[in-house]
Structures are given as C-alpha cells and as structure tokens.
Amino acid sequence: MIQQALTRLLDRHDLARAEMSAVMDEIADGGATPAQVGAFLAALRLKGETVEEIAGAAEVMRARVDPIRVDRDVFVDTCGTGGDGRHTFNISTTAAFIVAGAGVTVAKHGNRAVSSRSGSADVLAALGVDVDAAKDVVERAIEEVGIGFLFAPRLHPAFKAVAGIRRELGVRTVFNLLGPLANPAGARYQVLGVYEPRWVPILGGVLAALGAAHAFVVHGEGLDEIAVTGMTHVCEVRAGECERYAMVPEDLGLRRHEEAEIAGGDADRNARILADVLAGQQGGPRDAALANAAAALVAAGAAADLREGVRLGAEAVDRGAASDKLARLVAVTRGGA
C-alpha cells in the first residue's frame with residue numbers, strides 16, 4: 001500500500017482518508033521499510049497534508065494507543081504541536097494546573113522537547129512529577145487529583161520505530177501534528193496550539209471530522225498558544241463546525257506583554273516560572289497561562305466566555321487550588337497519598 005500511496009503523492013494527488021489509514025496501519029505493523037516511511041513522510045510534507053489525510057492518520061493513532069481510562073464525561077487536554085521555536089516557558093502545561101484548580105479534569109498529553117529546551121515532560125520532571133508513571137498511577141491521579149500526565153512515548157508503542165526515522169529526516173512531518181489529535185484518554189474537549197497559522201483551519205477541520213465536542217485550535221504571534229503579545233488566530237470547533245476569528249489580549253480582559261516577558265529557558269528555569277505562576281506571581285507568564293486556561297474552561301463548559309474563564313482561572317490560582325493540584329500530582333506519581 002505504501003508504495004502505491006507514495007506514487008500518488010509524488011504525482012501531487014491527495015490521499016483519501018481510508019488510504020491514509022491503510023498506510024499508517026502498514027507502518028504500525030512493521031510492513032514498510034525505513035526508506036519507504038521516510039520517503040512517504042517527505043512526499044506528504046512536500047505535497048501538503050490535507051484534512052482527510054491527517055484525520056485518517058489520527059484515526060489509526062487513536063486506535064493503536066495504549067488507552068487511559070477516565071471516568072468522566074468531560075475532561076480536557078491542553079497539548080499543542082510544539083515546534084514554534086520561540087522558547088517560551090511551558091504555557092500550556094501551566095494552564096493545565098490552573099484548569100484543574102478551577103475544577104475541570106485534565107488529561108494532559110505531552111512529550112519531551114521538540115524545538116525548545118523544555119517540553120511538558122521535561123518541566124514536569126523538574127517539578128518532581130514521575131512523567132513515566134505506570135498507567136494505573138496516571139489513572140489514579142486523574143481520578144483523585146483531577147489531573148494526570150499522559151507521556152506520549154509510553155502510550156503510543158505502535159509508532160515507536162518511527163521516532164528514529166523522524167530524527168534522521170530532521171524536518172517536520174505529519175507526526176508533528178498527530179500528537180495533540182491522539183490523546184490516549186480520548187479527550188473530546190481541548191485547546192490545541194499549532195506552530196504555524198496555516199494549520200489553524202486545517203486542524204480545526206480535522207477535529208471537526210474526528211468528532212471533537214468543543215475545542216480551540218490557536219496560533220498567536222508565532223506561538224502555538226493563545227498570545228498575550230498580540231493577535232491570536234482561532235478556529236473554535238463545536239458540533240462539527242469550525243468558527244474562525246481573531247482576538248487580542250484585551251478581548252480577554254488582559255493587558256499586552258512583550259515576548260521577552262514570557263521567555264523560558266531550560267527545564268529548571270521553566271519549572272520555577274510555572275511554580276511562581278501557580279503561587280500567584282503577577283506578570284506576563286500568569287496572563288499567558290490564564291489566557292490559555294480560559295479557553296480550556298470554555299471548551300469544558302465551566303466558563304461562558306473567555307473573560308469569565310480568565311476570572312475563574314485567576315481565582316483558582318489565588319486561592320491556592322492550582323498549586324495544590326501540582327503538589328498532589330507529584331505525591332501520587334511518587335507513590336504517596
């Protein structure tokens with residue numbers, strides 16, 4: 001199958017959703033050689049991935065995942081694509097604790113760094129979380145604490161062999177887009193940041209096709225986040241429809257910040273910034289985390305609009321609920337109560 005698909009891609013033809021799924025199944029089953037996989041990924045990238053192709057790939061990723069059980073109808077993910085190269089602190093990870101502190105269950109999917117010096121797994125490990133905890137520990141954390149970390153390499157074993165091919169290629173491929181689309185707990189409510197604005201409507205279309213209940217696909221001022229530095233492009237997905245609009249920090253009741261104010265560093269530095277935000281420190285990092293938490297709270301139905309989401313997030317921080325979620329997640333993953 002992969003050989004026929006490669007020929008079609010080289011002739012600049014799009015693949016149908018079922019064709020893409022068949023190729024992904026072949027890759028997962030070990031039926032394609034490394035050379036074939038590398039050529040396929042490069043040809044797909046050169047042609048340009050479509051909604052149907054990404055959706056077909058994501059369906060296989062979801063079907064092949066080692067699933068995490070969550071006994072909740074509504075829970076959110078704040079996993080983005082990474083790869084924006086802007087080296088901010090871990091905004092979406094910080095936002096996840098604020099969302100949990102506000103009372104919404106979070107199944108945070110993530111990995112180690114893509115282009116930054118600190119991915120979500122890196123910063124959480126620096127904070128004391130066992131990011132490679134066993135499945136039952138992750139499920140217990142989600143149930144008892146209201147937040148758990150779903151470490152991608154542990155939970156997507158079918159595509160482990162592709163990691164080496166991706167490293168050798170050294171360029172972005174469809175796999176850079178698939179992580180946030182394949183939450184191992186099956187989250188249908190999410191905030192998904194993308195590294196380029198062109199992906200906002202495309203991944204919005206993918207989430208709509210895959211049955212997302214309520215999601216925000218965002219790109220703000222070069223960041224795979226909602227920006228407090230300027231304009232954010234949004235595709236809000238509900239009931240199979242994608243509403244596109246743009247917004248600025250003032251629309252959320254937040255002031256504008258310089259990008260230097262939200263700059264990060266290595267995992268230890270980013271851990272300090274995250275902890276400071278959860279401790280109530282004012283400034284750009286707090287506002288950036290609140291903006292992204294607000295979207296997750298709206299997606300989950302906990303807030304009527306983004307301004308209310310910012311207010312609820314701020315209350316969760318200021319009463320200590322967000323920092324308590326971090327402390328309890330560390331304790332549970334380390335074998336405590």
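Each Cβ is built from the backbone N, Cα and C atoms, and glycine gets one as well.
The feature 5-phospho-alpha-D-ribose 1-diphosphate binding site is assigned by Swiss-Prot to GLY80, 83-84, THR88, 90-93, 108-116, SER120, with sequence analysis given as support. Annotation source Swiss-Prot lists anthranilate 1 binding site at GLY80, ASN111, citing sequence analysis. Positions annotated as Mg(2+) 1 binding site by Swiss-Prot, on the basis of sequence analysis: SER92, GLU225. The anthranilate 2 binding site feature in Swiss-Prot is assigned to ARG166; the stated evidence is sequence analysis. Among the features that Swiss-Prot reports, Mg(2+) 2 binding site is placed at ASP224, GLU225, with the record citing sequence analysis.
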Whole-number Å value for how far ASN111 (anthranilate 1 binding site) lies from SER92 (5-phospho-alpha-D-ribose 1-diphosphate binding site) (Cα to Cα):
12
Enter the number of other CB atoms within 10 angstroms of the CB of GLU225 (Mg(2+) 1 binding site).
30
In whole Å, how far does the CA atom of GLY80 (5-phospho-alpha-D-ribose 1-diphosphate binding site) lie from that of GLU225 (Mg(2+) 1 binding site)?
8
Give the distance between the Cα atoms of ASN111 (anthranilate 1 binding site) and THR88 (5-phospho-alpha-D-ribose 1-diphosphate binding site), rounded to the nearest whole Å.
16
When you rank THR88, HIS109, ARG112, ARG166 by Cα distance to ASP224 (Mg(2+) 2 binding site), which of the binding-site residues ends up on top as the closest?
THR88
Over all shown protein chains, what is the count of other CB atoms within 10 A of the CB belonging to GLY80 (5-phospho-alpha-D-ribose 1-diphosphate binding site)?
29
Between HIS109 (5-phospho-alpha-D-ribose 1-diphosphate binding site) and GLU225 (Mg(2+) 1 binding site), what is the CA-CA distance rounded to a whole number of Å?
15
Restricting the comparison to the binding-site residues THR88, ARG112, ARG166, which residue's C-alpha is spatially nearest the C-alpha of GLU225 (Mg(2+) 1 binding site)?
THR88
Other CB atoms, at most 10 A from the CB of ARG112 (5-phospho-alpha-D-ribose 1-diphosphate binding site):
18
